[in-house]
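Notes for the one structure printed next.
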Amino acid sequence: MIQSHSLNAALRATAAALLVLPMAGAAFGQEAPLRQEAETEEADPTKPLLLEPITVYAERREAAANDVAASVVVIPGEEIDDRGLDDMHELMRYTPGVTVPRQTTSTDPFSSFGGFNIRGVGGNRVQMVVDGSRVAERITDGTRDYVDLNFTKQVEVVKGPASVLWGSDALGGVVAIQTLDPADILRGRDRGGFVRAEYDGLDKGTGVSAAFAQQFGPGWAVMLGLSRRAASEVDLSNARDDGGIYGCPRDVEAGATPCGELNPMDTITDRVLAKAVWTPVAEHRLEFSIDMLKRNTEVQYNNGLGAVLSSFTGAPTGETLLSHDRELDLDRTRYAVEHTWTPGLVWLDTLRTTLAYTPHKYDRTGLRDRTLASGARELTRDSLTYQEKFYELDIQATSRFDLAGIGHEVTWGFDGDFTKTDYERLDVTRNLTTGTVTRSPAGGFNFANADTTRADLYLQDRMSFLGGSLEVTPGVRYATYKLDPRPDSDYAEIEGAEPRVKKSEEVLVSLGALYRFGGGWQVWGHYGEGFKMPTAQQYYTSLPSFDLIPAPDLKPESVKSIEIGLRHEAPRHAFGITAFDAKYEDFIQNFWQIPETGQITYRNLSKVHIWGVEFDGQVALTDRLRLTGAATWQEGSQKADADSKSVPHTLPPLTATAGLSWAATDALTLDLVGIFADDVTRTESEDRFEPDGYALFDVFAIWQVTRNATLNLGVKNLFDKRYFEANAATYGRTASSAVAAANPIELQTGPGRVFTASLQMEF
C-alpha cells in the first residue's frame, strides 16, 4: 500500500500523468507504427491503428505486453535506429523512471555507465542480459557498459523484482537486449541485408554497420553483422567551466581540463555478430551464434595537471602532475548453442536448451608523469585487469494442458551458471632521478578472486479460468548460490575477516493475476520476491593501507513487491496505470566508515521502502497523427537500522514524456517529443544537491528516400536547455577542493543541443 502521508502526492502524480499522455512508457508507451492510409485523413473508430509490442522476458514466453501481469517496456530496434539511441544512457531517454548515470570519477575516467536504475534500484541489482546471457557485474573501479546497440531487434525493461524467473540479480528488474536473427533480415526472401551510416553530435561519433543474411535451401540460414564506431569525449556544452556551485580548483593555466568539460578522449568500438540456424525438420531448430564486442578508449586524464592537491585536505602536496594518459580495452564475447524442440506432446509442448560461454574483460592501463616535492621525476605505470567468465546452461520447458476445466501453461526449467571472477592490479613506479623501481601489487579496490556457482529450478503456471477472462499465475524458484574465494599471493588477509566460502539457498514465490472484464478493460496485480547475493568485491575487499576491510558477515539483499494495474485497449487508443510498493531489506551500503575507527567497509541497511505510480498511453488522433506518452512518480524512505530515524531515499522526481508523431506522407514521418522533470525536493540528507525541473524538446524526421533507403534526422534538446540529470541529486551541495577537482558537479549536466543523422540502405 502507498503510505498515507504520500497519498495526495500520488493522486496529483496520477492526475498529471493522465493529462500529459507522454511517450515511451511501459507496454503501450513505446512507439508502434501507424498503418498509413493514403486515401483518407479521417479516423475510422473501428479500424485498429495501434500495434501491440511483444514481450519475451516478462514471463519467459512470447506474449503481448498488455497480456501479462507485469510492468514491462518494449523498445523496438526501429525506434533505436530512428532516434539515434546509441548507448545505454540514450536508450532510456524516453522511458520515465529508468535512469542511467554517467560515471565521471577517477576510478572510471572513461565516461562510461554503471548500469540501469529502475524504480530507484540500480547497478548490480538490475539483471542485464544479451540474448539471455548475463552481463558482468560492476566493480568500484569498473563499469557495466558492455553494451552496443547495433543489430538490436528490441530491448525489454521488466520493472520490479523478477528473481522467480531470472534469478538472484533481478532484484530491481531486468534489462534484456535481443539481437537480430537471420529471419529478421531475410523477411521471407532467400537473401537480404543492409548498410547503415550514422552521426551523433553529442560525442562527434561516426558509425557504420552492415549485415547480410542468406537462406540455403529449406534447412539452413546464416547471417553476419559487422560494425565500427569512432567517437570523442561527450560534449556537455551547457556545463560551466568555472565549476558552478563547487568552483573549479583545477590548474587550468597548467593545462588542466576545465570543470565543465570531460577529458579529451578517443573511442573505437567494433562488433561482430554471426548466427547460423539449422532446421532439419519442423520439430527441431538449432542455432549457433558468436557475438564479439571490443571497445578501446584512450583518455588524456588532464584534470589533475599542475599542482597536486591532497585527496584528504585539498591542500597542495608540493608535487606537480606533468601528464597522465589512461587506456581501457573492454571485451564481451558470447559463444552459444541453442536447441529448440517442439514435440507437441501433452506434457511437453516446447523444450529449449541453451549452452553459452560468455567471457568479459576490463583491461585498464595508465602512465603518470609527475615531479615530486623533492624535485625528483617519477613515472608510474598502472594496470588493472578484471574478468568475469560465465559458463551458462539454461533449460526451459513449456507444457500446455487442461485439467478439471482449467487451462494450464506451465513454464519450468533449470537456470544455472558457473562464473570465474579475477581481479589483478599492479603499479610499477620508476624514479627517473634515483633510478629506483617500486612494484606495488594488489592496489586499487583489491579483492579476492572467486568462483560463483548458481543452480536454480523454477516453475510458473499460467492458469486460465472463465473462458480465458481470468488468469492466475503462481511461480516459485529454488535458488542456490555459492561463492568460493581464491585469494592469490598478493591478497592481504585481515585477522577475523579471512575470505571464506559463502552459500545461500532461497525459495522465492510470485503470484500474478489478470482479469479481462469486457470492452477492452482489464485489471491486474502481481506479488513478487527477489534476493541479491553480495558480490565478491563486497565480501572480500581488502586494502589495509587504506583501511578498506572485508565484510564477511553481509547478508543477501531481499525485496517483497506488490503491483496493481488498470489497462484499457481499443482499436485507436490504449492506456495503463500502475501503482507499485516495494520493501527492501538488508540493502548494502558501500564505503561505510565504522564508528570510532578509520576503517571503511560495506554494511546492510535495515530497510528501504519505495512506492510510486506509473502511467502510459497512446491514441491515434487520425490515421496519420498519433499522441503517445508515459509518466512516473516515485518516493522512498530508508533506515540504517531498526533504531534509526527514517530518511528519504533519493529518487528521480516526477518525470514524463509526451510525443506527437505525424505521418505527413507515405514516405515522411515527423515526430515531436517532450521530456519533462519536476524539481527534486527529497534527498537522503539536507546537504544533497536538489536539481531544478526542466522541459526538453526533441524533433525527428524519418524520410524513406527510396524504396530501399531511409534517412533519419534529429535534433535533441532543441532549445538548448541547461539542466542537471537525476544522478546529480547524489552529490553534495558543497565539496572539498579535492572532490571539486576530481568529480565536478557540472559534469552531471545534461547534453545541450545535439544533432543526429543516419542513412540506411537495404538490399
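Just so it is clear, glycine is given a Cβ too, placed from its N, Cα and C backbone atoms.
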Per TrEMBL, the range holding motif 'TonB C-terminal box', considering 152-169, 530-547, 746-763:
746-763
Which sequence-distant residues neighbour the motif 'TonB C-terminal box' (746-763)? Criterion: at least 6 residues beyond either end, Cβ under 8 Å.
81, 83-84, 102, 104, 192-202, 234-241, 243-244, 246, 259-260, 262, 694, 696, 708-725, 727-728, 731
Overall pLDDT for the domain 'TonB-dependent receptor-like beta-barrel' (309-718), taken as the rounded mean:
93
